[in-house]
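Trainee: Below: one structure in C-alpha coordinates.
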Amino acid sequence: MAAAGLCFILAIVSSTSLLASVPVSALVEDLDDSFKENRKDDIWLVDFYAPWCGHCKKLEPVWNEVGIEIRTSGSPIRVGKIDATVYSSIASEFGVRGFPTIKALKGDMAYNYRGPRTKEDIVEFANRVAGPLIRPLPSQQMFDHVKKRHPVLFVYVGVESTLKEKFIEVASELIVYTYFFSASEDVLPKYVTLNEVPAVLVFKDSTYFVYDEYEDGDLSSWVNKERFEGYLHIDGFTLYELGDTGKLVAVAVIDEKNNSIEHTRIKSIAQDVAKNNRNNFHRDFQFGHMDGNDYINSLLMDELSIPTFVVLNTSNQQYFLPSKHIENPEEMIQFINSILDGTAEAQGGDGILQRIKRVFYDAKSTVVSVFKSSPLLGCFLFGLPLGVISIMCYGICTADTEDGSEEMTRKDVIDQNASDEGSDEEEEKGREITDVSDEDQQEKDFMEKKID
(Lines of atoms letter the chains of each structure in order from A and count residues from 1; the text may use other names and numbers.)
(Lines give C-alpha, C1' and ligand atoms only; values in the text may rest on other atoms or scores of the structure.)
Protein backbone atom coordinates (compact mmCIF):
# COMPACT_ATOMS: atom_id res chain seq x y z
CA MET A 1 0.00 0.00 0.00
CA ALA A 2 2.81 2.38 0.95
CA ALA A 3 4.66 1.46 -2.23
CA ALA A 4 1.57 2.23 -4.31
CA GLY A 5 1.19 5.61 -2.60
CA LEU A 6 4.85 6.38 -3.20
CA CYS A 7 4.51 5.48 -6.88
CA PHE A 8 1.47 7.76 -7.15
CA ILE A 9 3.36 10.68 -5.60
CA LEU A 10 6.35 10.08 -7.87
CA ALA A 11 4.05 10.01 -10.89
CA ILE A 12 2.54 13.36 -9.93
CA VAL A 13 5.97 14.90 -9.30
CA SER A 14 7.35 13.59 -12.58
CA SER A 15 4.35 14.82 -14.57
CA THR A 16 4.54 18.22 -12.88
CA SER A 17 8.26 18.44 -13.61
CA LEU A 18 7.66 17.44 -17.21
CA LEU A 19 4.97 20.10 -17.55
CA ALA A 20 7.19 22.72 -15.96
CA SER A 21 9.86 21.97 -18.56
CA VAL A 22 7.37 22.63 -21.38
CA PRO A 23 7.68 26.22 -22.65
CA VAL A 24 4.69 28.48 -22.13
CA SER A 25 4.42 28.93 -25.91
CA ALA A 26 3.40 25.28 -26.14
CA LEU A 27 0.57 25.86 -23.63
CA VAL A 28 -0.66 29.11 -25.21
CA GLU A 29 -0.80 28.71 -28.98
CA ASP A 30 -0.02 31.56 -31.39
CA LEU A 31 -2.83 31.50 -33.93
CA ASP A 32 -2.87 32.53 -37.59
CA ASP A 33 -5.16 32.38 -40.64
CA SER A 34 -5.51 28.60 -40.39
CA PHE A 35 -7.42 29.06 -37.12
CA LYS A 36 -10.44 30.21 -39.09
CA GLU A 37 -10.88 26.77 -40.65
CA ASN A 38 -9.65 24.51 -37.85
CA ARG A 39 -11.30 26.01 -34.77
CA LYS A 40 -14.66 24.19 -34.94
CA ASP A 41 -13.16 20.84 -33.99
CA ASP A 42 -12.18 22.04 -30.50
CA ILE A 43 -13.23 24.34 -27.68
CA TRP A 44 -11.04 27.43 -27.67
CA LEU A 45 -10.24 30.21 -25.23
CA VAL A 46 -8.70 33.01 -27.29
CA ASP A 47 -7.09 36.34 -26.44
CA PHE A 48 -7.41 38.89 -29.26
CA TYR A 49 -4.63 41.41 -28.64
CA ALA A 50 -2.71 44.29 -30.21
CA PRO A 51 1.09 44.61 -29.77
CA TRP A 52 0.84 48.30 -28.83
CA CYS A 53 -1.93 47.79 -26.25
CA GLY A 54 -0.82 48.38 -22.65
CA HIS A 55 -3.69 46.35 -21.17
CA CYS A 56 -2.76 43.46 -23.47
CA LYS A 57 0.81 43.48 -22.16
CA LYS A 58 -0.51 43.50 -18.61
CA LEU A 59 -2.74 40.51 -19.39
CA GLU A 60 0.05 38.44 -20.99
CA PRO A 61 1.52 36.87 -17.80
CA VAL A 62 -1.99 36.15 -16.52
CA TRP A 63 -2.84 34.52 -19.84
CA ASN A 64 0.21 32.29 -19.59
CA GLU A 65 -0.96 31.21 -16.12
CA VAL A 66 -4.40 30.47 -17.56
CA GLY A 67 -2.80 28.22 -20.18
CA ILE A 68 -0.85 26.32 -17.52
CA GLU A 69 -3.89 25.96 -15.24
CA ILE A 70 -6.16 24.62 -17.96
CA ARG A 71 -3.55 22.19 -19.27
CA THR A 72 -2.72 20.80 -15.81
CA SER A 73 -6.42 20.29 -14.99
CA GLY A 74 -6.81 17.98 -17.98
CA SER A 75 -9.43 20.22 -19.58
CA PRO A 76 -10.15 19.76 -23.30
CA ILE A 77 -10.04 23.54 -23.76
CA ARG A 78 -7.25 24.86 -25.97
CA VAL A 79 -5.80 28.26 -25.08
CA GLY A 80 -4.54 30.59 -27.78
CA LYS A 81 -3.81 34.19 -28.66
CA ILE A 82 -3.96 36.05 -31.96
CA ASP A 83 -2.63 39.41 -33.10
CA ALA A 84 -5.83 41.16 -34.17
CA THR A 85 -3.89 43.87 -36.03
CA VAL A 86 -2.24 41.31 -38.31
CA TYR A 87 -5.22 38.97 -38.72
CA SER A 88 -7.86 41.69 -38.79
CA SER A 89 -10.28 39.62 -40.89
CA ILE A 90 -10.55 37.01 -38.13
CA ALA A 91 -10.98 39.73 -35.51
CA SER A 92 -13.75 41.32 -37.58
CA GLU A 93 -15.49 37.97 -38.00
CA PHE A 94 -15.75 37.63 -34.21
CA GLY A 95 -16.76 41.24 -33.67
CA VAL A 96 -13.60 42.35 -31.86
CA ARG A 97 -13.77 46.11 -31.27
CA GLY A 98 -11.32 46.61 -28.42
CA PHE A 99 -8.20 45.11 -26.90
CA PRO A 100 -7.74 42.79 -25.21
CA THR A 101 -10.88 40.80 -26.04
CA ILE A 102 -11.30 37.35 -24.51
CA LYS A 103 -13.68 34.90 -26.18
CA ALA A 104 -14.62 31.28 -25.60
CA LEU A 105 -15.42 29.54 -28.89
CA LYS A 106 -17.56 26.42 -28.83
CA GLY A 107 -18.88 25.17 -32.16
CA ASP A 108 -20.74 28.03 -33.80
CA MET A 109 -21.08 29.92 -30.51
CA ALA A 110 -18.74 32.71 -29.38
CA TYR A 111 -18.96 33.89 -25.76
CA ASN A 112 -17.47 37.19 -24.61
CA TYR A 113 -15.70 37.40 -21.28
CA ARG A 114 -16.32 40.68 -19.44
CA GLY A 115 -15.20 39.84 -15.91
CA PRO A 116 -12.05 40.60 -13.90
CA ARG A 117 -8.82 39.71 -15.69
CA THR A 118 -7.54 37.28 -13.09
CA LYS A 119 -6.47 33.69 -13.63
CA GLU A 120 -9.17 32.26 -11.36
CA ASP A 121 -12.05 34.18 -12.95
CA ILE A 122 -10.96 33.48 -16.52
CA VAL A 123 -10.45 29.74 -15.89
CA GLU A 124 -13.81 29.50 -14.13
CA PHE A 125 -15.48 31.21 -17.10
CA ALA A 126 -13.80 28.86 -19.58
CA ASN A 127 -14.80 25.72 -17.68
CA ARG A 128 -18.39 26.93 -17.29
CA VAL A 129 -18.80 27.66 -21.01
CA ALA A 130 -17.00 24.48 -22.09
CA GLY A 131 -19.31 22.24 -20.08
CA PRO A 132 -22.94 21.33 -20.79
CA LEU A 133 -25.51 24.13 -20.76
CA ILE A 134 -27.67 22.28 -18.24
CA ARG A 135 -25.86 20.20 -15.62
CA PRO A 136 -27.89 17.40 -13.98
CA LEU A 137 -28.10 16.98 -10.19
CA PRO A 138 -28.86 13.28 -9.70
CA SER A 139 -28.84 13.21 -5.88
CA GLN A 140 -29.40 15.39 -2.84
CA GLN A 141 -25.72 14.99 -1.92
CA MET A 142 -24.72 16.38 -5.30
CA PHE A 143 -27.22 19.21 -4.87
CA ASP A 144 -25.74 20.13 -1.47
CA HIS A 145 -22.21 19.97 -2.87
CA VAL A 146 -23.03 22.28 -5.78
CA LYS A 147 -24.99 24.66 -3.56
CA LYS A 148 -21.95 25.15 -1.31
CA ARG A 149 -19.77 26.02 -4.31
CA HIS A 150 -22.15 28.49 -5.97
CA PRO A 151 -23.77 31.39 -4.11
CA VAL A 152 -26.46 31.64 -6.81
CA LEU A 153 -28.01 28.47 -8.26
CA PHE A 154 -30.63 28.23 -11.04
CA VAL A 155 -32.44 24.88 -11.15
CA TYR A 156 -35.09 23.53 -13.48
CA VAL A 157 -37.38 20.98 -11.85
CA GLY A 158 -39.54 18.67 -13.94
CA VAL A 159 -39.67 16.74 -17.18
CA GLU A 160 -39.61 17.94 -20.78
CA SER A 161 -41.81 20.97 -21.29
CA THR A 162 -42.07 24.35 -22.99
CA LEU A 163 -40.61 25.91 -19.85
CA LYS A 164 -37.54 23.68 -20.13
CA GLU A 165 -37.04 24.75 -23.74
CA LYS A 166 -37.07 28.36 -22.59
CA PHE A 167 -34.67 27.46 -19.77
CA ILE A 168 -32.21 25.92 -22.24
CA GLU A 169 -32.50 28.97 -24.48
CA VAL A 170 -31.76 31.30 -21.56
CA ALA A 171 -28.84 29.11 -20.49
CA SER A 172 -27.25 29.36 -23.95
CA GLU A 173 -27.45 33.15 -23.64
CA LEU A 174 -26.39 33.64 -20.01
CA ILE A 175 -23.98 30.75 -19.42
CA VAL A 176 -21.20 33.37 -19.51
CA TYR A 177 -22.48 34.66 -16.16
CA THR A 178 -23.81 31.72 -14.16
CA TYR A 179 -24.46 27.96 -14.02
CA PHE A 180 -27.73 26.20 -14.87
CA PHE A 181 -28.86 22.87 -13.41
CA SER A 182 -31.74 20.42 -13.60
CA ALA A 183 -33.08 18.12 -10.90
CA SER A 184 -36.06 16.05 -9.94
CA GLU A 185 -38.35 17.22 -7.15
CA ASP A 186 -37.15 14.59 -4.67
CA VAL A 187 -33.55 15.88 -4.93
CA LEU A 188 -34.49 19.30 -3.54
CA PRO A 189 -34.13 20.10 0.18
CA LYS A 190 -37.10 19.32 2.41
CA TYR A 191 -37.85 22.99 3.06
CA VAL A 192 -38.63 23.59 -0.62
CA THR A 193 -42.32 23.51 -1.53
CA LEU A 194 -43.58 23.84 -5.09
CA ASN A 195 -47.17 24.60 -6.05
CA GLU A 196 -46.66 23.14 -9.50
CA VAL A 197 -44.10 21.35 -11.64
CA PRO A 198 -42.30 22.09 -13.93
CA ALA A 199 -40.72 25.09 -12.24
CA VAL A 200 -37.58 27.19 -12.26
CA LEU A 201 -35.99 28.13 -8.94
CA VAL A 202 -33.06 30.25 -7.83
CA PHE A 203 -31.26 29.40 -4.59
CA LYS A 204 -29.43 32.32 -2.97
CA ASP A 205 -29.21 34.40 0.21
CA SER A 206 -29.91 31.27 2.32
CA THR A 207 -33.35 30.83 0.76
CA TYR A 208 -35.00 30.21 -2.61
CA PHE A 209 -37.37 31.97 -5.02
CA VAL A 210 -39.66 30.48 -7.66
CA TYR A 211 -40.08 32.01 -11.10
CA ASP A 212 -43.61 33.22 -11.77
CA GLU A 213 -44.22 34.09 -15.41
CA TYR A 214 -47.23 36.27 -14.54
CA GLU A 215 -45.38 38.40 -11.97
CA ASP A 216 -41.78 38.17 -13.23
CA GLY A 217 -42.34 38.41 -16.97
CA ASP A 218 -39.76 37.07 -19.40
CA LEU A 219 -37.60 34.22 -18.05
CA SER A 220 -34.40 35.69 -19.49
CA SER A 221 -34.99 39.04 -17.78
CA TRP A 222 -35.79 37.30 -14.50
CA VAL A 223 -32.60 35.22 -14.60
CA ASN A 224 -30.56 38.29 -15.52
CA LYS A 225 -31.88 40.16 -12.49
CA GLU A 226 -31.67 37.25 -10.06
CA ARG A 227 -28.11 36.14 -10.93
CA PHE A 228 -26.73 38.43 -8.22
CA GLU A 229 -27.00 38.00 -4.48
CA GLY A 230 -29.20 40.46 -2.63
CA TYR A 231 -26.18 42.32 -1.24
CA LEU A 232 -22.84 42.57 -3.04
CA HIS A 233 -19.30 43.83 -2.73
CA ILE A 234 -19.37 46.09 -5.79
CA ASP A 235 -16.39 47.00 -7.95
CA GLY A 236 -16.07 48.42 -11.45
CA PHE A 237 -16.69 45.07 -13.21
CA THR A 238 -19.72 44.26 -11.05
CA LEU A 239 -21.21 47.70 -11.59
CA TYR A 240 -20.78 47.25 -15.35
CA GLU A 241 -22.65 43.93 -15.23
CA LEU A 242 -25.38 45.39 -13.02
CA GLY A 243 -26.15 47.79 -15.85
CA ASP A 244 -27.74 44.87 -17.74
CA THR A 245 -30.30 44.26 -14.98
CA GLY A 246 -32.07 47.60 -15.37
CA LYS A 247 -32.00 48.09 -11.59
CA LEU A 248 -30.90 51.13 -9.64
CA VAL A 249 -27.73 50.38 -7.66
CA ALA A 250 -27.83 51.43 -4.00
CA VAL A 251 -24.23 51.66 -2.77
CA ALA A 252 -22.72 52.31 0.64
CA VAL A 253 -19.34 53.90 -0.15
CA ILE A 254 -16.91 53.14 2.68
CA ASP A 255 -13.28 52.56 3.55
CA GLU A 256 -13.04 48.89 4.50
CA LYS A 257 -9.79 49.53 6.39
CA ASN A 258 -11.54 52.08 8.57
CA ASN A 259 -13.27 50.37 11.49
CA SER A 260 -14.92 53.50 12.85
CA ILE A 261 -18.60 53.44 13.73
CA GLU A 262 -19.51 55.72 10.80
CA HIS A 263 -18.18 53.29 8.19
CA THR A 264 -19.48 50.09 9.75
CA ARG A 265 -22.90 51.61 10.46
CA ILE A 266 -23.75 52.67 6.90
CA LYS A 267 -22.73 49.23 5.60
CA SER A 268 -24.81 47.36 8.19
CA ILE A 269 -27.81 49.61 7.50
CA ALA A 270 -27.61 48.83 3.76
CA GLN A 271 -27.37 45.09 4.50
CA ASP A 272 -30.35 45.30 6.85
CA VAL A 273 -32.53 47.15 4.33
CA ALA A 274 -31.57 44.76 1.51
CA LYS A 275 -32.42 41.69 3.59
CA ASN A 276 -35.57 42.82 5.38
CA ASN A 277 -37.20 44.78 2.56
CA ARG A 278 -36.70 42.45 -0.39
CA ASN A 279 -40.39 42.37 -1.29
CA ASN A 280 -40.49 46.18 -1.51
CA PHE A 281 -37.18 46.99 -3.19
CA HIS A 282 -35.73 43.89 -4.84
CA ARG A 283 -37.46 44.44 -8.17
CA ASP A 284 -36.00 47.95 -8.57
CA PHE A 285 -32.81 48.06 -6.49
CA GLN A 286 -29.54 46.17 -6.10
CA PHE A 287 -27.79 46.79 -2.78
CA GLY A 288 -24.10 46.60 -1.99
CA HIS A 289 -21.03 48.45 -0.78
CA MET A 290 -17.93 49.80 -2.50
CA ASP A 291 -14.47 50.13 -0.98
CA GLY A 292 -13.09 53.64 -1.51
CA ASN A 293 -14.46 56.57 -3.47
CA ASP A 294 -11.98 56.78 -6.38
CA TYR A 295 -14.12 54.86 -8.85
CA ILE A 296 -17.39 56.45 -7.77
CA ASN A 297 -15.83 59.93 -8.00
CA SER A 298 -14.70 59.33 -11.59
CA LEU A 299 -18.13 57.95 -12.44
CA LEU A 300 -20.05 60.88 -10.96
CA MET A 301 -17.43 63.55 -11.78
CA ASP A 302 -17.77 64.68 -8.19
CA GLU A 303 -15.85 64.43 -4.92
CA LEU A 304 -17.85 62.33 -2.45
CA SER A 305 -16.69 62.27 1.14
CA ILE A 306 -16.91 58.84 2.74
CA PRO A 307 -18.73 57.17 4.31
CA THR A 308 -21.78 57.99 2.22
CA PHE A 309 -24.73 56.38 0.49
CA VAL A 310 -25.54 56.92 -3.19
CA VAL A 311 -28.06 55.43 -5.61
CA LEU A 312 -26.92 55.08 -9.24
CA ASN A 313 -29.00 54.82 -12.39
CA THR A 314 -26.56 53.16 -14.77
CA SER A 315 -28.90 53.51 -17.76
CA ASN A 316 -28.76 57.34 -17.90
CA GLN A 317 -25.81 58.19 -15.60
CA GLN A 318 -28.04 59.89 -13.03
CA TYR A 319 -27.48 59.54 -9.30
CA PHE A 320 -29.23 60.40 -6.05
CA LEU A 321 -27.64 61.60 -2.81
CA PRO A 322 -29.43 61.92 0.54
CA SER A 323 -29.77 65.44 1.91
CA LYS A 324 -28.23 64.35 5.22
CA HIS A 325 -26.20 61.49 6.66
CA ILE A 326 -28.26 58.33 7.09
CA GLU A 327 -28.26 57.20 10.72
CA ASN A 328 -30.69 54.25 10.72
CA PRO A 329 -32.61 51.88 8.41
CA GLU A 330 -35.76 54.01 8.59
CA GLU A 331 -33.95 57.01 7.08
CA MET A 332 -32.53 54.84 4.29
CA ILE A 333 -35.97 53.41 3.53
CA GLN A 334 -37.42 56.93 3.47
CA PHE A 335 -34.71 58.06 1.05
CA ILE A 336 -35.28 55.08 -1.27
CA ASN A 337 -39.04 55.65 -1.24
CA SER A 338 -38.45 59.28 -2.24
CA ILE A 339 -36.60 57.99 -5.32
CA LEU A 340 -39.47 55.67 -6.18
CA ASP A 341 -42.13 58.37 -5.86
CA GLY A 342 -40.05 60.92 -7.79
CA THR A 343 -39.56 63.48 -5.01
CA ALA A 344 -35.79 62.92 -4.74
CA GLU A 345 -33.71 65.22 -6.94
CA ALA A 346 -31.64 63.45 -9.59
CA GLN A 347 -28.17 64.73 -10.40
CA GLY A 348 -25.87 64.06 -13.34
CA GLY A 349 -27.32 62.48 -16.47
CA ASP A 350 -26.21 62.00 -20.05
CA GLY A 351 -27.24 65.36 -21.55
CA ILE A 352 -25.05 67.57 -23.73
CA LEU A 353 -23.74 69.65 -20.82
CA GLN A 354 -22.83 66.51 -18.89
CA ARG A 355 -21.02 65.10 -21.92
CA ILE A 356 -19.02 68.30 -22.29
CA LYS A 357 -18.25 68.17 -18.58
CA ARG A 358 -17.13 64.55 -19.02
CA VAL A 359 -14.65 65.54 -21.75
CA PHE A 360 -13.03 68.19 -19.55
CA TYR A 361 -13.12 65.94 -16.47
CA ASP A 362 -11.45 63.06 -18.31
CA ALA A 363 -8.80 65.42 -19.70
CA LYS A 364 -8.11 66.80 -16.24
CA SER A 365 -7.97 63.30 -14.73
CA THR A 366 -5.53 62.15 -17.42
CA VAL A 367 -3.20 65.08 -16.82
CA VAL A 368 -3.30 64.64 -13.04
CA SER A 369 -2.70 60.88 -13.23
CA VAL A 370 0.27 61.33 -15.59
CA PHE A 371 1.90 63.93 -13.32
CA LYS A 372 1.28 61.77 -10.24
CA SER A 373 2.78 58.65 -11.79
CA SER A 374 5.68 60.34 -13.60
CA PRO A 375 6.24 64.10 -13.16
CA LEU A 376 9.10 64.18 -15.68
CA LEU A 377 7.03 62.41 -18.30
CA GLY A 378 4.17 64.80 -17.61
CA CYS A 379 6.43 67.82 -18.08
CA PHE A 380 7.66 66.39 -21.38
CA LEU A 381 4.24 65.40 -22.72
CA PHE A 382 2.46 68.62 -21.81
CA GLY A 383 5.30 71.13 -21.40
CA LEU A 384 6.85 70.57 -24.81
CA PRO A 385 3.64 71.17 -26.82
CA LEU A 386 2.81 74.21 -24.69
CA GLY A 387 6.31 75.58 -25.29
CA VAL A 388 6.03 75.09 -29.04
CA ILE A 389 2.60 76.72 -29.11
CA SER A 390 3.89 79.66 -27.02
CA ILE A 391 6.81 80.23 -29.41
CA MET A 392 4.47 80.10 -32.40
CA CYS A 393 2.09 82.61 -30.81
CA TYR A 394 4.99 84.92 -29.93
CA GLY A 395 6.31 84.68 -33.48
CA ILE A 396 2.90 85.49 -34.95
CA CYS A 397 2.39 88.48 -32.64
CA THR A 398 5.92 89.77 -33.29
CA ALA A 399 5.49 89.42 -37.04
CA ASP A 400 2.26 91.44 -36.90
CA THR A 401 3.97 94.22 -34.93
CA GLU A 402 6.93 94.44 -37.33
CA ASP A 403 4.62 94.48 -40.35
CA GLY A 404 2.62 97.26 -38.76
CA SER A 405 5.74 99.29 -37.98
CA GLU A 406 7.03 98.85 -41.52
CA GLU A 407 3.67 99.86 -42.90
CA MET A 408 3.63 102.98 -40.72
CA THR A 409 7.18 103.87 -41.82
CA ARG A 410 6.23 103.60 -45.47
CA LYS A 411 3.20 105.77 -44.85
CA ASP A 412 5.30 108.40 -43.09
CA VAL A 413 7.77 108.47 -46.00
CA ILE A 414 4.97 108.86 -48.50
CA ASP A 415 3.39 111.63 -46.42
CA GLN A 416 6.77 113.38 -46.07
CA ASN A 417 7.41 113.17 -49.81
CA ALA A 418 3.96 114.50 -50.49
CA SER A 419 4.57 117.33 -48.04
CA ASP A 420 7.91 118.19 -49.67
CA GLU A 421 6.38 118.15 -53.13
CA GLY A 422 3.61 120.42 -51.92
CA SER A 423 6.09 122.89 -50.45
CA ASP A 424 8.06 123.00 -53.72
CA GLU A 425 4.91 123.61 -55.70
CA GLU A 426 3.83 126.39 -53.35
CA GLU A 427 7.30 127.99 -53.53
CA GLU A 428 7.27 127.84 -57.34
CA LYS A 429 3.79 129.31 -57.43
CA GLY A 430 5.00 132.04 -55.08
CA ARG A 431 7.87 132.87 -57.40
CA GLU A 432 5.50 132.93 -60.36
CA ILE A 433 3.14 135.24 -58.51
CA THR A 434 6.07 137.47 -57.54
CA ASP A 435 7.29 137.60 -61.14
CA VAL A 436 3.81 138.45 -62.38
CA SER A 437 3.46 141.11 -59.72
CA ASP A 438 6.78 142.71 -60.74
CA GLU A 439 5.72 142.85 -64.40
CA ASP A 440 2.39 144.39 -63.46
CA GLN A 441 4.12 146.95 -61.31
CA GLN A 442 6.52 147.93 -64.14
CA GLU A 443 3.60 148.20 -66.58
CA LYS A 444 1.70 150.34 -64.10
CA ASP A 445 4.67 152.66 -63.59
CA PHE A 446 5.08 153.01 -67.39
CA MET A 447 1.45 153.96 -67.85
CA GLU A 448 1.61 156.56 -65.10
CA LYS A 449 4.67 158.20 -66.70
CA LYS A 450 2.91 158.25 -70.07
CA ILE A 451 -0.08 160.03 -68.59
CA ASP A 452 2.12 162.67 -67.01
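Every residue gets a Cβ built from N, Cα and C, even glycine.
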Trainee: In Swiss-Prot, which of 13-16, 281-284, 289-292, 449-452 is labelled motif 'Di-lysine motif'?
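Mentor: It is 449-452 that Swiss-Prot describes as motif 'Di-lysine motif'.
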Trainee: Going by DSSP, is Cys56 (disulfide bond) part of a helix, a strand, or coil?
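Mentor: Its secondary structure by DSSP: helix.
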Trainee: Fewest other CB within 10 angstroms, which one of the glycosylation sites Asn258, Asn313?
Mentor: Asn258
Trainee: Cys53, Cys56: which of these recorded positions has the highest Cβ count within 10 Å of its own Cβ?
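Mentor: Counting every other Cβ within 10 Å of each candidate, the maximum falls on Cys56.
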Trainee: Whole-number Å distance between the CA of Cys56 (disulfide bond) and the CA of Asn313 (N-linked glycosylation site)?
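Mentor: About 31 Å separate the Cα atoms of these two residues.
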